[in-house]
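Handing you this structure, nothing more for now.
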Amino acid sequence: MDSHIPSPPTRRLSTGERENAIDRTIPLFPPAVEIDEHNYFDNNDPPEYLESMISGVQEFVKFHINNRVVLVTSGGTTVPLENQTVRFIDNFSAGTRGATSAEYFLENGYAVIFLHRQFSLLPYSRHYSHSTNCFLDFMEEKNGKVVVDPKYQEEMLSVLRKYQAAKDKNLLLLLPFTTINQYLHTLRALSVTLQPLRSRALFYLAAAVSDFFVPLHRIPEHKIQSKAGGNKLLMNLDPVPKFLHRLVEKWAPGAMIISFKLETDSSILLSKARQALERYSHQLVIGNLLQTRKTEVVFVEPDAPAHWIRLTPGQEAAGVDIESLIIPAIVKRHTVWIKESGNSA
Ligand code: PAZ
């Protein structure tokens with residue numbers, strides 16, 4: 001054995017002790033109330049582009065005033081650690097759930113506002129843009145020109161037609177976010193803008209939203225420096241206010257609201273989903289586990305037993321999207337919601 005190999009550092013690195021991890025048994029933060037809303041939005045500036053983004057949304061809502069419109073949120077929010085951001089904390093989500101769901105909502109006659117993490121997967125282009133699905137692999141050279149490989153012609157034509165139809169009929173509005181602050185400001189402004197649609201508006205909140213953040217007044221302007229001696233970086237994060245109840249009660253009264261609950265421990269999924277439903281008083285929580293999210297989800301709604309939606313092994317092997325089962329089940333519920341509210345469409 002080589003006696004010159006230095007012994008592993010023992011003091012400077014975290015030992016990863018379990019007692020330092022976030023305790024998942026502690027009760028959830030209380031839902032945000034009016035004062036929390038003021039505190040957050042008065043002290044964390046809106047993104048500069050928000051006004052012009054919202055005027056685009058107003059046009060879209062006017063255009064679809066008699067149609068069903070779904071707001072799909074997708075991808076993870078970031079928490080910047082510096083104002084001129086080099087480092088940030090991220091939330092897991094590739095955007096597959098959101099992008100795939102948006103396609104099935106379009107197929108079911110909805111206009112879609114797609115509020116997504118910038119550079120995450122988008123409806124239609126998702127089929128060809130992921131690193132495991134590079135668009136170049138679908139191309140070939142023929143007589144000095146780039147053409148689609150005949151093997152993929154049929155599939156690509158079908159995707160292209162749906163994409164073009166969504167564009168031509170002005171059915172898809174893409175709005176990006178990156179940080180938790182951009183997401184929250186945009187979500188609030190959007191919700192208010194969708195109010196004229198009343199119960200025809202559907203919120204499908206699939207984005208993975210940060211639970212902790214650094215408030216504006218504590219974010220350093222420049223890149224955090226590491227010092228000689230390898231000091232630890234201690235982070236002091238505030239809880240992100242839970243605005244879902246404000247959304248249900250104040251920002252989007254009358255709309256149907258669906259949130260997602262992601263867990264990794266199957267023994268707590270159902271209770272966490274039920275807890276969220278009771279706390280925020282919305283219409284549906286869709287629970288999913290990180291490990292199985294592409295093959296099973298559970299619907300948790302008021303006064304009903306939990307309802308699992310699962311792909312059969314045959315559907316899984318055939319590459320069926322679970323969203324092709326989720327969205328029709330939601331459309332049915334939304335139809336009832338609209339009828340019961342006395343609205344049409
Ligand atoms: O984007 P993706 O398909 O990789 O993941 C989707 C998901 C698991 C983030 C989504 O289904 C979800 O559960 N969103 C809510 C996450 C949360 O509990 O905050």
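From the backbone N, Cα and C atoms, a Cβ is placed for every residue, glycine too.
Please treat TrEMBL annotations as automatic predictions, because they have not gone through curation.
Annotation comment: TrEMBL describes 67-119, 197-294 as domain 'DNA/pantothenate metabolism flavoprotein C-terminal'.
Any idea what these are sitting next to in the structure?
The residues of the domain 'DNA/pantothenate metabolism flavoprotein C-terminal' (67-119), classed with DSSP into helix (H, G, I), strand (E, B) and coil, number 12 helix, 20 strand, 21 coil.
Confidence over the domain 'DNA/pantothenate metabolism flavoprotein C-terminal' (197-294), given as mean pLDDT on the 0 to 100 scale, stands at 95.
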DSSP on the domain 'DNA/pantothenate metabolism flavoprotein C-terminal' (197-294): how many residues come out helix, how many strand, how many coil?
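Looking at the domain 'DNA/pantothenate metabolism flavoprotein C-terminal' (197-294) with DSSP, the answer is 30 helix, 25 strand, 43 coil.
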